Ligand SMILES: Nc1ncnc2c1ncn2[C@@H]1O[C@H](COP(=O)(O)OP(=O)(O)OP(=O)(O)O)[C@@H](O)[C@H]1O
């Protein structure tokens, strides 16, 4: 359960009062994403590996821009997918619903599109960078 700064549990449903409270809830969201979403962790790992390879291959600023765009696009798509899953589950629970299936499948399709974009960017950036080594 989320805790207030005084250590007591909070069940806030109203607006945040200041920037730090908003930031705290945003970080809580990232914490949830990391700990509950296996796919988010996988994409974070692949993104981290791509950054490591990018450092080794000494990518140019332009190449870094494309690579970081691709990485953040996948992580953002995964975030939206998680939101859709949570909202759908909140509405229908374990009940089967065609619209619930459509919403979840479309959200997953969005992640797939972002991952394909990342794959294309990865190839277009890494292959020439690798070729520069030889
Ligand atoms: N309430 C429901 N009604 C109909 N179909 C559903 C429902 N819940 C899930 N599904 C189907 O099961 C699939 C998996 O749903 P689930 O919520 O378990 O996602 P997930 O396994 O967490 O997905 P991801 O791999 O993106 O993390 C959905 O893509 C959808 O096709």
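Cβ coordinates are placed from backbone N, Cα and C, and glycine is handled just like the others.
Where the annotation comes from TrEMBL, it is an automatic prediction and has not been curated.
Feature annotation from TrEMBL assigns active site, proton acceptor to 78. Here TrEMBL flags 37, 85 as divalent metal cation binding site. Residues or ranges marked as ATP binding site in TrEMBL: 37, 85, 104, 105. Annotated substrate binding site per TrEMBL: 78, in sequence order.
Shown here: features listed in TrEMBL, placed on the structure.
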residue: 37; record: divalent metal cation binding site; Cβ neighbours (10 Å): 17
residue: 78; record: active site, proton acceptor; Cβ neighbours (10 Å): 24
residue: 85; record: divalent metal cation binding site; Cβ neighbours (10 Å): 16
residue: 104; record: ATP binding site; Cβ neighbours (10 Å): 15
residue: 105; record: ATP binding site; Cβ neighbours (10 Å): 11
Distance-selected recorded positions near ligand 1 (C-beta under 6 Å), from 78, 104, 105: 104, 105
Listed binding-site residues among 37, 104, 105 whose Cα sits within 10 Å of the residue listed as 'active site, proton acceptor': 37
Inter-residue Cα distance where the pair is residue 105 (ATP binding site) and residue 37 (divalent metal cation binding site), in Å: 16
DSSP state at residue 37 (divalent metal cation binding site), helix/strand/coil: coil
Largest separation between Cα atoms (Å) of residues that the record links to ATP, namely 37, 85, 104, 105: 16
